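Q: I'd like to ask you about the structure that follows.
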Amino acid sequence: MNENISKVVIYTDGACAGNPGPGGWGALLQFNDTSKEILGYELDTTNNRMEITAALEALRILKKSCNVEIYTDSKYLQQGITTWIHNWVKNNWCKSNNEAVKNADLWQKLYAELSKHTIIWKWVKGHANNSGNIAADKLAAQGRQTAIEILKCRV
């Protein structure tokens with residue numbers, strides 16, 4: 001980590017009603033003594049897409065290069081970005097069995113954000129008394145609920 005640049009702690013989460021189904025994502029960003037909450041939704045998505053989107057949107061909101069710690073309760077996101085992505089890039093976004101990587105569109109966007117920051121990815125057990133994770137979970141649930149309400153209006 002570079003001691004001369006700002007440190008930001010981010011908690012992310014995704015939620016989906018059905019898989020696929022209406023989903024939401026949320027992130028809590030903490031910098032010094034301030035925090036910012038962001039959330040969003042998609043009407044037809046998966047839980048994994050919402051997990052990736054939460055991290056992507058949290059990184060996109062940062063205006064300058066930062067030292068970042070991202071906490072996620074998604075092993076898919078944490079392992080994907082720290083372990084699997086290197087081979088995906090090398091294999092032109094294909095897995096070792098030559099199948100296309102699922103959610104490659106989002107993984108590619110997230111991968112592009114990596115060069116802008118120094119990032120440490122940490123897995124945290126979901127629903128286990130971690131206040132940042134609980135906050136991100138609530139934000140993702142709000143996003144999911146918004147998607148559900150919009151779909152109700154369309155019926």
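Counting starts with 1 at the first residue shown.
Using the three backbone atoms N, Cα and C, a Cβ is placed for every residue, glycine included.
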Q: For the Mg(2+) 1 site that Swiss-Prot lists with ASP13, ASP73, give the additional residue from the candidates GLU51, GLU57.
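A: Looking at GLU51, GLU57, the one Swiss-Prot places in the Mg(2+) 1 site next to ASP13, ASP73 is GLU51.
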Q: What Cα-Cα separation, expressed in whole Å, is found between ASP73 (Mg(2+) 1 binding site) and ASP13 (Mg(2+) 2 binding site)?
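A: It is 7 Å, counting Cα to Cα.
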Q: Across the domain 'RNase H type-1' (4-145), what are the DSSP residue counts per state (helix, strand, coil)?
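A: Result for the domain 'RNase H type-1' (4-145), in helix, strand, coil order: 56 helix, 47 strand, 39 coil.
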Q: Any same-chain residues 6+ apart from ASP137 (Mg(2+) 2 binding site) with CB under 8 Å of its CB? Would you list them in sequence order, or say none?
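A: When sequence neighbours closer than 6 are ignored, ASP137 (Mg(2+) 2 binding site) has ASP13, ALA15, GLY26, ASP73, GLY126, HIS127 within Cβ distance under 8 Å.
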Q: Write out, in the order they occur in the sequence, the residues of the chain not among ASP13, GLU51, ASP73 that have a C-beta within 8 Å of the mean position of the C-beta atoms of the recorded Mg(2+) 1 site.
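A: Neighbours within 8 Å of the Cβ centroid, excluding ASP13, GLU51, ASP73: THR12, GLY14, ALA15, MET50, ALA54, THR72, SER74, LEU77, GLY126, ASN133, ALA136, ASP137, ALA140.
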